[in-house]
Amino acid sequence: MTDALRYEWVRIRTVRSTYWLTGIALLFALLVSIAVSWAMRATFGTAEGPSPEDLREIGPWLGTQFARAGAPYFIAYLLAMIGILGWGHEYRHGMIRATLTALPSRPTVWVAKYVVTSVWVAVTVLACYLLATVVGWLFLSGLDVAIFTGETWQGLLRAVLYAVVLSCLAMAFTALVRNQTAALVFLFIWPLAIENIIQLMFFIVPGLNDHAELPRFLPFSAGNRINSDTVFAPGDTLFGSPLTWVGGLLVFGGVTVVAMVASASLFSRRDA
């Protein structure tokens with residue numbers, strides 16, 4: 001296992017796309033935080049500007065680039081591409097044969113890829129989140145705005161969880177289809193188009209109106225709740241409508257575990 005982890009660590013650090021995607025994620029977090037914080041400071045206290053009550057969740061908003069408010073967590077999607085390319089390059093360039101020659105134990109190769117990629121994604125999300133919130137704190141210092149609250153730190157944990165789970169799901173799908181192009185298309189088309197179409201059908205088609213709450217269990221819709229749901233309130237249930245963030249994590253994580261188990265099984269049995 002040590003050799004497999006070392007091998008994967010060298011691989012992820014010698015692929016240029018890793019640094020491009022990581023750099024874009026950090027730059028995106030920085031620019032969004034600067035733009036939003038500057039605008040809020042410029043208008044704070046004016047008639048059309050935000051009030052302190054409006055900004056009570058500004059910490060997690062900035063940290064997740066407004067995924068807390070329901071927007072897609074763009075940084076998580078960027079970093080999931082690192083996982084896709086981690087498997088995709090193996091099959092696209094025929095490197096998997098060399099990998100399995102150097103490391104004959106397929107289970108250790110499989111585990112090492114997930115462990116190393118997950119750690120890289122988690123550390124990058126941590127850096128992006130802290131960078132964005134620190135920039136917000138610098139811009140909004142002196143105003144009646146609290147950046148580093150309990151919800152901000154909880155938001156950090158949830159952002160890391162979401163990004164890691166999304167990356168693992170993307171890796172599992174890539175390992176299943178052994179095609180990085182198909183996996184990249186899936187990563188964006190399914191959550192941004194297909195699930196939205198399904199939800200729209202449940203609202204438009206008369207026969208489905210009575211079941212309009214079912215789409216909340218779609219994997220990416222449930223996953224979005226990890227970031228966008230607020231803290232538990234009295235009376236909340238895990239799988240209520242809408243899902244709590246824990247309920248969303250269980251649904252999204254459950255789908256990811258199933259995909260990972262399937263990918264591990266096929267990776268152990270299929271020819272390289």
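Every residue gets a Cβ built from N, Cα and C, even glycine.
Caution: TrEMBL annotation is automatic and unverified by curators.
Features as listed in TrEMBL:
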- 20-40: transmembrane segment (TRANSMEM)
- 70-89: transmembrane segment (TRANSMEM)
- 110-139: transmembrane segment (TRANSMEM)
- 159-177: transmembrane segment (TRANSMEM)
- 184-205: transmembrane segment (TRANSMEM)
- 245-267: transmembrane segment (TRANSMEM)
So, do the transmembrane segment (159-177) and the transmembrane segment (245-267) meet, by the test of 3 or more Cβ pairs under 8 Å (sequence gap 6 or more)?
yes
Of the listed stretches (20-40, 70-89, 110-139, 245-267), which one yields the highest count of Cβ-Cβ distances below 8 Å with the transmembrane segment (184-205)?
70-89
Residues of the parent chain within Cβ reach of the transmembrane segment (20-40), under 8 Å, 6 or more residues beyond its termini:
49-50, 55, 58, 61-62, 65-66, 74-75, 78-79, 81-82, 120, 124, 127-129, 131-133, 135-136, 138-140
